[in-house]
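Annotated features in TrEMBL:
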- 1-31: region 'Disordered' (REGION)
- 1-13: compositional bias 'Polar residues' (COMPBIAS)
- 125-192: domain 'PEGA' (DOMAIN)
- 204-261: domain 'PEGA' (DOMAIN)
- 269-291: transmembrane segment (TRANSMEM)
Amino acid sequence: MSQNQPDRCSRPTTAAAPQGATVAPPPLASSLTGSAKVEYEAGKTLYQLKDYANARIKFERAYDLSSDPRLLWNIAICERDLARYKRVLLLMRQIRASQNALLNEQDREQARSVEADAQKYVDRVRIETREPGATVFIDDELVGTTPLQEPALVDMGMRRIRISKPGFKEHIHTQRFEGGADVSLMVRLEKEYHRGRLIVRAGPNDLIALDGKVLGKAMWEGWLPSGGHTLRITAPGFIAHQSEVLFKDAQTRNITVKLDASQASGPPAWLWTLGGVALAGTAVLGAALIFEREPAVMGSIPPGTVQLSFGGVR
């Protein structure tokens, strides 16, 4: 394709065509009208400014309004300058398949030549997986769902392939493609489990229970559904331990518990109670005996009379 301004369909004529010859259609600048012409002229201006991305948008808009297949050439030239060779290749196939009278065999032959040239910069990638119904993206552009009926066209360079399906872990694969080659990728999707792994270590005689279910003694290890769970560890003569354990997907939690000795591990409570009562009775009896042994104190003040003396004001 020419590197010049994308108006390759402009074909000035200076003489009447011979009888029986195909008459060339008027150039785009003359045949387009209304909004289609405005978009086309804006696209030409943007292309001259090397704003290829926005020029492509304007040419596409002009094509949508006019359905003139010659605008596909202009779109393809913008895609080439954006190094998007896969789209160039697809546009050339579209031109070759078109039966529009504005295109002739010369146009289709040129499209065939450009398509062959663009294939040097595009890989044909066959993506396979054992899981049907998985969605395939390349550089976040939707390719289709598995099984893919034909190889995906991938521009040369570093590309990101993403495959996803509900119930499976998303697979992301980054690879450099060299262009002009056939590539096969076999992808194995892994099932997605919403669970976490718990490891509990306790004393040799400690009983481990989770969510009300006894699991064993001393140590337990296993997988649990993601979310919250109640862990309880008990042993005779020790204060029970209880805590909430929260899991995220694929998270591993290590928990070590050391129980504290209970106050109840000393003499029985009833003994303290009875002993207290007995001691209290003994104390009362002892006090009575002591007080009885003390002799009566005889005073000099007459009975029933109390004399108080505070003295004067200080």
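Any Cβ shown, glycine's included, is placed from N, Cα and C.
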For the domain 'PEGA' (204-261), what is the mean per-residue pLDDT, to the nearest integer? 93
Please work out the helix, strand and coil residue numbers for the domain 'PEGA' (125-192) from the DSSP assignment. 0 helix, 41 strand, 27 coil
